[in-house]
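Asks: I'd like to ask you about the structure that follows.
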Amino acid sequence: MCNFGKFCFALYFIESFCFNVSYVDRADPDLPICLEQTVLVWIPLGFMWLCAPHHLISLCKRTTKKRMSKLYLCKQFVVSLLFLTAIASLAVTIAEGHGPNSDSTQTEKIAGVYYANPVLFAVTWILLLLCQEGLRRKGKHVDSATLFFFWLLLVVCDIFPFQTLIRAALREGKVSDVPRFCLFYISFGLELVALVLSAVADISPEAKEHMKKNPEKAATFLSRITFNWTSSLVVTGYKRPLVQEDMWDLKDIDTTDHISQVFSSNMKTELDAARVRYQKKLQKCASSKRDNAREGEFHNEMSNGLGKGVSQDVLMMEEKGKKEGGKKKKNKEQSEDYPNSWLVPTIYKTFKWILIESAFFKLVQDILTFVSPQILKLMIAFTEDKTSYAWVGYMYATLLLLVAVLQSLCLQQYFQRCFVLGMQVRTAIMAAVYKKALVVSNNTRKEWTVGETVNLISTDAQRFSDLTSFIHLLWSCPLQIIISIAFLWIELGPAALAGRTVVVLMVPINVLLADKARQYQMENMKFKDDRLKVMNEMLNGIKILKLYAWEPSFQAQAEDIREKELKVMTKFSYLSSVSTFLLTCAPALVCLVSFAVFVGVSPDNMLTAEKAFTSISLFNILQFPLAMLPMIIASIVQTTVSKKRLEKFLSGEDIEAGAVQHNSSFKTAVSVCDGTFAWERDAEPLLKNVSLEIKPGQLVAVVGAVGSGKSSLISALLGEMHSTKGFINIQGSIAYVPQQAWIQNATLRDNVLFGSPNDERRFNEVIKACALEPDLELLPGGALTEIGEKGINLSGGQKQRVSLARAAYSQADIYLLDDPLSAVDAHVGKHLFENVIGPNGILQNKTRILVTHGVSFLPHVDEIVVLVEGVVSEIGSYSSLRASGGAFSEFLDTYAKEQRTRTRSESDHSQNMEDLELLPDSEDTDLDAPLEDVVSSTLKRENSIRHSQRNSSIRRRKNSSIRKIENDDDLKKVQKLIEKEAMETGWVKLSVFLQYLRAMGWGYTAVAALVYFIGNVAFVGQNLWLSEWTKDAVVYANETYPPSLRDLRVGVFGALGVAQGLFVFLGTLILVNASIAASRILHERLLKNMMRVPMIFFDTTPIGRVVNRFAEDIFTIDEAIPNSLRSWILCLLGVLGTLFVICLATPLFTIVLVPLAIIYYFVGRFYVATSRQLRRLDSVSRSPIYSHFGETVSGLTVIRAYNHQERFLKHNEITIDENVKSVYPWIVSNRWLAIRLEFLGNLVVFFACLFAVISRDSIDSGIVGLSISYALNIMQTLNLLVKMTSELETNIVAVKRVSEYIEIENEAEWVTDTRPPKDWPEAGRLQFENYKVHYRPGLDLVLHGITCDIGSTEKIGIVDRTGAGKSSLTNCLFRIIEAVEGRIFIDGIDIAKLGLHDLRANLTIIPQDPVLFCGTLRMNLDPFDKFSDEEIWKVLELSHLKDFAAGLKEGLQYEVSEGGENLSVGQRQLLCLARALLRKSRILILDEATAAVDLETDNLIQNTIREEFSSCTVLTIAHHLHSIMDSSRVMVLDAGRIVEFDTPQNLLSNKGHFYAMAKDAGITQQDSSTVL
């Protein structure tokens, strides 16, 4: 027995182990027994004692009594048994030393360690019992990482004595110490059981429910580090497509609520400090300006006299220099005129612990990365030394496996934390921006459009997310570069510097390429933006394009921009190909230079396999940081722009909290005391010296001309305007009805309730009062009908009534009503006033402030406030103001004449089926862009008084048919107005891939694949050549190395490297051309088809969805798919090449290749199915975040007025959480895949080493080095291949989505063989024969057998009782909808036989919404350049726009902004009149053409039409009856049938339908006679 005296002190270890190699220098090595009995025992026990306090703390705390689980009892039982074995072991030692059979000599022989170890174990087991109890009391913990590590360490350390005892027994043929032998193996068995138990989760019954909602909470340490807890989701995703309901609940620390609170707290601290710094900076700047002013005065004095010896030229140069310097300084100051440099510190403070954790894992992983090449070096040395023991090789193989496994675990933990960090940063920024948007002032709002604000939470937040995910590379890359170069110096000496020089020289080339690429990218983005701008306008105004037959012109415009975009994209792709060439050549070039210099500097330098493949491994490591460092720096530069934008917005001015006081001591409900208000702090006041006192319960009307400040007064009362003097006091809660109704994308009931509790009685009362009852009866879903975004499926009247119902239901104290009756018909307005607003309405006891132009309502109000140019001119009752003869009298004279019929609705009658259209009408422009609220629109219209507040974004709904609902399923179906976009599920069909390859061209595809394959062959050949080269070191070990052979080796090695780069370059070029061709073809087909699809498609499809095809899907086809395809091909060839080399080196590897390949395939399939669906869920759940944000910004004034900011904040948090629920599983599923694939890769490395050891007698060291260095690279390649497969599958869906729209059935041909005569129509005679039409199959008819004859030059007014028919008639004339039965003849020609363009180009329409497009004034009038400038100026004169156009500097080339925003509504409508005058066909249709303009513009349009179209047949669809009282005849439709058709006088005399409508509108027969 070994002498254990004095516990085998360190000196003994050094003497007996370190210097005595007899333990290892043999075929069957072993550790000294003293080491096994001391150090290997004390390591795990020491670890346990260090970790124990952490668990024992919970024993000191008072906790509720916890249930003892069976697992807990088992653990305690096993430890108790181990305690008994320790006591037994101590008893054995005592018995041996002091028992009856012992003697004095025996006592001396028993070492102290046999006494110490049982005691140490006994104390440790007691400690462990307490620790396990402490763990149980913690409650939430299901296991302990420290306890698992303890058991693992103990078992690993006990393996050595385990095999030592067995080997000793086998060697001696007996067991020398039976008691200790038995006790050790009993203990070892119990330790194994304890290890297994420690890896099992101890879950309480109540926690099992939580586990179902989030399995991570119940995951053990082992499950967490291998991400095994994700397996259930991955399996589910493989079995069936995942849905949102499959997503787990978030952990508390990942919820938006938690992150937002912590981030907001830190942001407040940092932002306050930044504001202090900013104020100091401003003060310093002010002081500097004063000093400069003084200095300027001094210079002026100096320049007055040149006799003092100062050159005037010198002074001029100084002055010039100062001006330039000042200009730069000024620009810099302007660019940062806000508190800055606070966002990054805020992010750091909020997420510092996860940053520190991830940095630790990255550091460990980086260090382990450099261990593998050193083990490879030892492995090659082992194969070269045939005298080495076999166990050394197996040890190296095992070491390489352990290092690789540990490296994989650390890397995945690092990635997990980094991606979660990115996710949390994105969440924090989105929540912060949303929170800020709710309180932002008008100063800030004016600087940020809705789109720009949405960009903050989409693009800018995502950039921060992407950067923070890789932020550690900023220090990791330089660290890896330094360590790599240090190791290369050790291997190759100064020759390593030659390789590094190549790397350094390539940096400026890459920088140059990157800079050029950035320029191309910016140019490309510009063209992309231009194209999308044009596409957005085309799609928003698609009905106008169809009505005017303008599609070819706009299609050509879009194609022209697309061609420019593709040219730039081609240049960018060629540049990328050069970068790929350099990237491919770089490793080969670096190796070539390094090896050439190494063998060239001295004949003694021989390139051994050891040096060659260790160096190559190091070069491979070096490649990653060199590639990533420029990318991370570029990402930082991009994110800096986002940082500035976010800092500017988040540090912007908040709305004044005390703008409106709520002092209960006032006796009035609303008090304004000498208030002066402006939209911005430094702007000219719009309201001046306003003083108002409104008593509780009063109904006050606010009147005045357009632009007098009525809406501004309401905004001031809401606290939306900046108060320069005076104050406002309001007692009680506020309800607000904006002029432009804001409707949420929710059910009609939710829109009315608006967060209030549901009271059915009150709800029904409000619905009845707001004239919504008939709508609910006819709407298929009733109150549960879903309203589309911005209320696109409601008419303007319905939207306004829903908005009024919301206010009425809220039971507020004060009601601010901003002209709510302007969007409804006269009789509906009368109903609303009588039943809601007026003295007998449901709000009769409330304080109401009503902005109105309705003269008829004024006698019924308590008080009238008259505004003139922002000043309160008069206040008083109707009678007193009428008698005074002041501003109010002027107002009455202006408006009373036409007031009875002056409305802005499309005949919103109580039985109006027009309001029931469940599909969005194509006249709605900008369907997916958020509406602006009253504040935004007022800010934009500030400088144009003619820009009517009743602007054109009030939508009309018409031409509906009512379907009878058969059952509940149908009811649910029709409640959804626009179906959700179908989300792709399951595997992508092969046909989709083939479709893309077909678009690329089969020839291109085949040649590219072949060229890539040859490039890969060159790469493999280069490495095999290197393997042969290393043999020379053995052959010429004692001889002079022939220079010719050396040159040959270097030359062939370099040639193969260059060949590889050239082939990859060539392959990339071919793929570039092929992918550009595919992009061109697919976009061309998509655009062509979108111009030809029927209008019904746009009625049922949100414009945003179509734009998405041209934006995201085309972007994916342009850039993402080619990159994915190239990477996938290279990865696949890389994997195949690696496996070929390993099999070539060690044929035995083929045995494990098949099972590994099968495992790899199934892991990949499992992952791809899940990952693909999670990406789709992420995409689908991300849209509601942006929609809700846009909706909130557009309705901000309403939300603030009702004081519902907190409710919207909560809803935003829920929406973001729903998205994070799909992002987080995607992150962990990536880690799930990576850890498994890396384990597979580690096995490949292990088996490559193992078979190299087994076959070391038959293979040389060069092949071993090649095989293992290839295997070390396979981990990344395997992982990348699966990810690329997943990415390719995800991206290729874009081709399917585009193809779906390419295959949509077209409308009729634009031009057919049947062509009309040149001057057709000459007479303009219209005949309808039993004409029947429905909007689409399955719906009821909207026109039921219309038969009529309209003579040449007749002026026909068209009205309807129910709203379903009048605009359908227009659509039929232009064949927007096709006939079910019957015919229409124009001058005797059946229009169904003509081509659509032949028909539409010969008819003229002035539409209800004046749609303009980006481009010149001339282009908006004549897109085909058919007319001369003289003709255009003539029509501008006739349409009263000549003065306006002539006053413009650019004249006809004046650029019209998007949607015509830089023109007033009146000017836009006059431009539409000019279009009609330019075409001047014999048939003119007026589709409610003056519904959205002021009285002045209305009169101009009506007079021009009477004069210029006197010889034409004119069909006028009436928005109010007054405009058709001078018609030749009036057609009255009811439910799609002609019920009356005669002159206005005859119809009034007959006292039928028309008479009833005229009576409702306040028109009498006397009025009719006057008009005529």
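In case you wondered, yes, glycine gets a Cβ from its N, Cα and C as well.
Summarising the annotation, TrEMBL assigns transmembrane segment to 39-60, 72-92, 112-130, 142-163, 359-382, 470-490, 496-514, 572-601, 999-1019, 1052-1082, 1125-1142, 1148-1168 (among others). Sequence annotations record features per position, and here TrEMBL assigns region 'Disordered' to 287-308, 899-960. According to TrEMBL, the compositional bias 'Basic and acidic residues' annotation covers 288-300, 899-912. Residues annotated as domain 'ABC transmembrane type-1' in TrEMBL: 358-638, 1006-1290. Look at TrEMBL and you will find 670-894, 1326-1560 tagged as domain 'ABC transporter'. For 914-931, the entry in TrEMBL reads compositional bias 'Acidic residues'.
Show me how these features fit into the shown structure, please.
Replies: Note on the transmembrane segment (359-382): residues 388, 392-393, 396-397, 399-400, 403-404, 406-407, 410-411, 413-414, 417, 472, 476, 479-480, 483-484, 487, 609-610, 613-614, 617-618, 621, 1249, 1252-1253, 1256, 1261, 1264-1265, 1268-1269, 1272 of its chain, located 6 or more positions outside it, place their CB under 8 angstroms from a CB of the stretch.
The list of residues near the transmembrane segment (470-490) in space but at least 6 beyond its ends in sequence, with Cβ under 8 angstroms from a Cβ of it, reads 355, 358-359, 362-363, 366, 369-370, 373-374, 414, 418, 496-497, 499-500, 594, 614-615, 618-619, 621-622, 624-626, 628-629, 632, 635-636.
For the domain 'ABC transporter' (670-894), the model's pLDDT averages out at 84.
For the transmembrane segment (999-1019), the residues of the chain that approach it from at least six positions outside its boundaries are 584, 1056-1057, 1059-1064, 1066-1067, 1070-1071, 1073-1075, 1077-1078, 1081-1082, 1129-1130, 1133-1134, 1136-1137, 1295, judged by C-beta separation under 8 angstroms.
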Asks: Against which stretches of its own chain does the transmembrane segment (1148-1168) lie, if we need a Cβ under 8 Å and a gap of at least six residues from its ends?
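Replies: Residues packing against the transmembrane segment (1148-1168) from afar: 234-235, 237-238, 1139, 1142, 1229, 1232-1233, 1236-1237, 1240, 1243-1244, 1247-1248, 1251, 1254-1255, 1278, 1281-1282, 1285-1286, 1289.
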Asks: Given a Cβ distance threshold of under 8 angstroms, which distant residues of the chain, six or more beyond its ends, lie next to the transmembrane segment (112-130)?
Replies: 4-8, 37-38, 41-42, 45, 48-49, 52, 55-56, 59, 76, 79-80, 82-83, 85-87, 89-90, 93, 147, 150
Asks: Counting CB pairs under 8 Å, which listed stretch among 39-60, 572-601, 1052-1082 touches the transmembrane segment (142-163) the most?
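Replies: Selected stretch: 39-60, with the most Cβ pairs under 8 Å.
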